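Student: Can you read through this structure? Questions will come right after.
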Amino acid sequence: MKGEAGRMQHSDKPKQEGHIWGSMKRTAFILGSGLLLLVAFWNSVTCLHPETSMTSLPRHLQRFWGASGYFWQAQWERLLSTFEGKEWALYIIGATQVPVLFFWAFNGLLLVVDTTGKPNFISRYRIQVGKNEPVDAEKLRQSVRTVLFNQCVISLPMLVFLYPILKLRGDPCRRELPTFHWFLLELAIFTLIEEVLFYYSHRLLHHPAFYKKIHKKHHEWTAPIGVISLYAHPIEHVVSNMLPVMVGPLIMGSHLSSITTWFSLALITTTISHCGYHLPFLPSPEFHDYHHLKFNQCYGVLGVLDHLHGTDTVFKQTKAYERHILLLGFTPLSESIPDALKKME
């Protein structure tokens with residue numbers, strides 16, 4: 001019996017390794033194909049004739065960008081004149097202070113709801129009903145201290161260190177702003193890179209060798225709130241929060257305007273994913289909220305790699321998956337798509 005069991009375990013291991021390797025090959029193929037499609041789309045938008053009658057969103061955005069381009073270029077040149085000889089200070093403000101301002105402004109509003117339960121218009125969209133009503137004050141204070149530590153002691157030095165490296169790739173404070181088409185392409189590439197790096201680093205942190213000592217800290221919040229998006233062990237903050245977002249601009253040699261916009265969007269997006277409320281007209285946070293609830297599902301950002309690796313199969317059988325949509329009305333999805341138990345009652 002022991003010999004048979006040993007043979008079974010030995011034969012299962014190659015199958016498992018083959019499954020993982022096959023998933024990774026499919027991942028590379030799909031992401032590569034997606035990137036080629038994005039480049040083709042970018043080229044098609046770039047090559048549009050000015051007089052072409054086009055009603056698509058990219059065309060309207062292109063017109064808006066062209067009409068306001070001179071304005072933004074003039075404002076940027078004014079900033080460069082103000083910080084002449086001190087471009088590094090302009091970089092610090094753009095890469096660190098502006099995104100942090102957006103982060104705390106948005107989270108400040110959410111914290112009012114988390115701590116008071118008001119206004120009811122927002123609190124009624126809570127995903128895990130009955131959790132954090134209100135949020136534990138001491139636990140919140142501890143989390144805010146950790147977030148501030150990560151931002152000031154880890155993120156700030158990393159972004160300062162990034163500046164001379166970016167200068168080798170192309171001055172981030174160069175005089176000419178990126179074109180609309182180039183910014184669109186950058187944003188697409190940043191998103192793909194973040195998806196790959198975050199998924200695999202996040203899944204690695206769930207390995208027993210790392211989970212208890214590192215990642216468990218973040219999972220103290222089984223019902224997350226916005227501010228804990230950056231509540232993490234320092235090692236996790238570097239590997240899984242910072243690097244996936246920083247690598248894209250480094251590879252592309254991005255302009256400060258692109259970096260500021262991307263970092264701000266990344267912080268707002270991760271806040272929404274952790275906020276605990278499925279609010280109208282905002283991206284659905286159901287995917288990552290379910291990860292905090294169950295731990296072993298939904299590791300990624302977009303869900304592409306979870307689908308390829310089968311780490312969303314349980315999630316797809318839940319009501320949370322049915323609610324994982326953009327809410328275009330004002331009726332909470334917990335009411336329009338209630339849990340099975342509530343429907344029976």
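Note that Cβ sites are derived from N, Cα and C of the backbone, with glycine treated the same way.
Take a look at what TrEMBL says about it:
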type	residues	note
DOMAIN	188-311	domain 'Fatty acid hydroxylase'
TRANSMEM	88-113	transmembrane segment
TRANSMEM	147-165	transmembrane segment
TRANSMEM	180-200	transmembrane segment
Student: Give, as a single whole number between 0 and 100, the mean pLDDT over the domain 'Fatty acid hydroxylase' (188-311).
Tutor: 97
Student: Under the DSSP assignment, what numbers of helix, strand and coil residues are found in the domain 'Fatty acid hydroxylase' (188-311)?
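Tutor: The counts are 86 helix, 1 strand, 37 coil.
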